[in-house]
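Colleague: Just passing along the structure, written as structure tokens.
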Amino acid sequence: MISKLLKIVLLTAGVIGNTLADSRIHEQYLVKAFPNEPVDYEGRMHAGHLNQTDQLDGDLFFWMFESVKPEYEHRSILWLNGGPGCSSEDGSLMEVGPFRLDDNNTFQLNPGRWDELGNLLFVDQPLGTGYSYSLAKDFQSNNEKMANDFSIFFEKFLEEFPERANDEWFIAGESFAGQYIPHIAAKLKEKNLVNLGGLAIGNGWINPLSHYETYLNYLVEKGMVDFESELGQYLHHSWAECLLAFDKIGSGSGDLSKCESFLGDILYMVSKEPGKACMNMYDISLESTYPTCGMDWPYDLSYLTEFLSTREAMTSLNVNLEKVHDWEECNDDVALQYAREGIESSSKLIQDLVSTVPILLFYGENDFLCNYLSGEKLTRSLEWNGAVGFQNQSAQPFYLPGYSDQPSGSYVSSRNLTFARIVEASHMVPYDHPNEMKTLITAFFNNDFASLPSVPKPSPDLGNGNYKWLYLGLIPVALTIIILFSIYLCRRFGLFGLSKQRYQPISPTP
């Protein structure tokens, strides 16, 4: 009995000791006073560098938001933005993080926040991206090195935050993260570091060839180019030269100058004022000035860059101020290094991973650069789990309750792979369609796409169908009756000091 009691005491002491040790370890990363944090934010944040310069050619920066919902405290979500070389703080402060910065330098809670679905981890990577830094001026960037560096970082992260080691992990991101995510997932599986619950890639740059192949078709489908017109024929010729270049280089890696020229022709010519205005390549519903064509979008970027470059913001996030002096959204040096190395398709990795890991490919329909037609082309040719493509399976619409009688998007799901489209959404779906994105990703995290509303469901308090408009029409009638009845009571009984006798009429002065 005494030995059992002693064992319990020792175990308890060990647990308390480990908890205190974890607290001390976490203390150096705790975000204690984030500038202009919303007063109603109830979560906890950790951020900083893991001091791995002995293992890496620099140090990666992370920012983690703990789940505000206890039921999801053992689900963790890694979010990565693309580029290559673009900071994941785009995701933390403009897309899926708990709050967003407005033009008054104040933060508002984000209705599309994902920290209500699990712990959220944002990492600036590869080295040299965002708050991360590289010690080597002529640093190397390619998918193999990127994935290896990330795995080294992640091993250390789990040492510092051991409570996250047994979580179910999802990896999500967009754009060039269509390269990052499959390579990182494969490396983490190879090292058996985490339990992978799924991968979600938005408007992903997965197979370069499929994007260039579909650009002209996308413009025609959207009514922006008439294929039979002089412009359509010119672009068709430019498009053919691009595809010929791909045939010559075989794998899709190498010199893409013909394809870049094709893209340049589109941005210059598909406009009411060629050379002055152009479409926003990330959201075709928006116009831009040439030659930016969307590179200055989202427009929040100007004040986000200014805020994240302040000493106050960097100090609060435990940024190494000796190595990092400001924040920039994208590092051109990282992009150039990737361009030199060449970019191959990551579709083979996706094909291998989906055999054991659920994957969601989602696309904002207004994105030109990484458009949904390229995703459809990819999935049609992809062979996974014993079959090719979705086997003529039809896409199902999904709706947001109470928002509209029109579908918010559509999805098709089979054999561990789901393909989804979000109506009128941009390259950054969570940025401009946060509720649709949160609805979709919740179904994915829970492996329950059947929960997505497949028919219009107006808000419960408004009924459904024509009853909604009946209720809305009755509201002003009811208010009028209440007001008239109140006036009657006041005059009849002198309520609230408004009896007929209270004031005598005042005659006008002659």
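Along the chain as shown, the residues are counted starting at 1.
Cβ atoms are placed via backbone N, Cα and C, with glycine included.
Straight out of Swiss-Prot:
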{"type": "SIGNAL", "residues": "1-21", "note": "signal peptide"}
{"type": "TOPO_DOM", "residues": "22-468", "note": "topological domain 'Lumenal'"}
{"type": "CARBOHYD", "residues": "ASN51", "note": "N-linked glycosylation site"}
{"type": "CARBOHYD", "residues": "ASN104", "note": "N-linked glycosylation site"}
{"type": "ACT_SITE", "residues": "SER175", "note": "active site"}
{"type": "ACT_SITE", "residues": "ASP367", "note": "active site"}
{"type": "CARBOHYD", "residues": "ASN392", "note": "N-linked glycosylation site"}
{"type": "CARBOHYD", "residues": "ASN416", "note": "N-linked glycosylation site"}
{"type": "ACT_SITE", "residues": "HIS427", "note": "active site"}
{"type": "TRANSMEM", "residues": "469-489", "note": "transmembrane segment"}
{"type": "TOPO_DOM", "residues": "490-510", "note": "topological domain 'Cytoplasmic'"}
Colleague: Sorry to bug you, but what's the C-alpha spacing from ASN392 (N-linked glycosylation site) to ASN416 (N-linked glycosylation site), rounded to the closest Å?
Modeller: 16
Colleague: Want to know which recorded positions, from ASN51, ASN104, ASN392, HIS427, are within 10 Å of SER175 (active site) at Cα; which are they?
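Modeller: Cα within 10 Å of SER175 (active site): HIS427.
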Colleague: Relative to the Cβ position of ASN104 (N-linked glycosylation site), how many further Cβ atoms are located within 10 Å?
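Modeller: Here the count is 9.
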Colleague: To see if you understand the setup: which same-chain residues, six or more apart in sequence, place their Cβ under 8 Å from that of ASN51 (N-linked glycosylation site)?
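Modeller: Looking at Cβ-Cβ distances below 8 Å from ASN51 (N-linked glycosylation site), excluding near sequence neighbours, one finds ASP59.
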Colleague: By a simple count of other Cβ atoms within 10 Å, which of SER175, ASN392, ASN416, the recorded positions in the record, is least packed?
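Modeller: ASN392, out of the recorded positions SER175, ASN392, ASN416, has the fewest neighbouring Cβ atoms within 10 Å.
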Colleague: May I ask which residues of the same chain, at least 6 positions away in sequence, place their Cβ under 8 angstroms from the Cβ of HIS427 (active site)?
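Modeller: GLU174, SER175, ASN203, MET281, TYR282, ASP283, GLY364, ASN366, ASP367, LEU369, CYS370 - these are the non-local Cβ neighbours of HIS427 (active site), listed in sequence order.
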Colleague: Determine, to the nearest whole angstrom, how far the Cα atom of ASN392 (N-linked glycosylation site) is from the Cα atom of ASN104 (N-linked glycosylation site).
Modeller: 50
Colleague: Taking 10 A as the limit, how many CB atoms besides its own sit near the CB of ASP367 (active site)?
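Modeller: Neighbour count, Cβ to Cβ under the 10 Å cut-off: 27.
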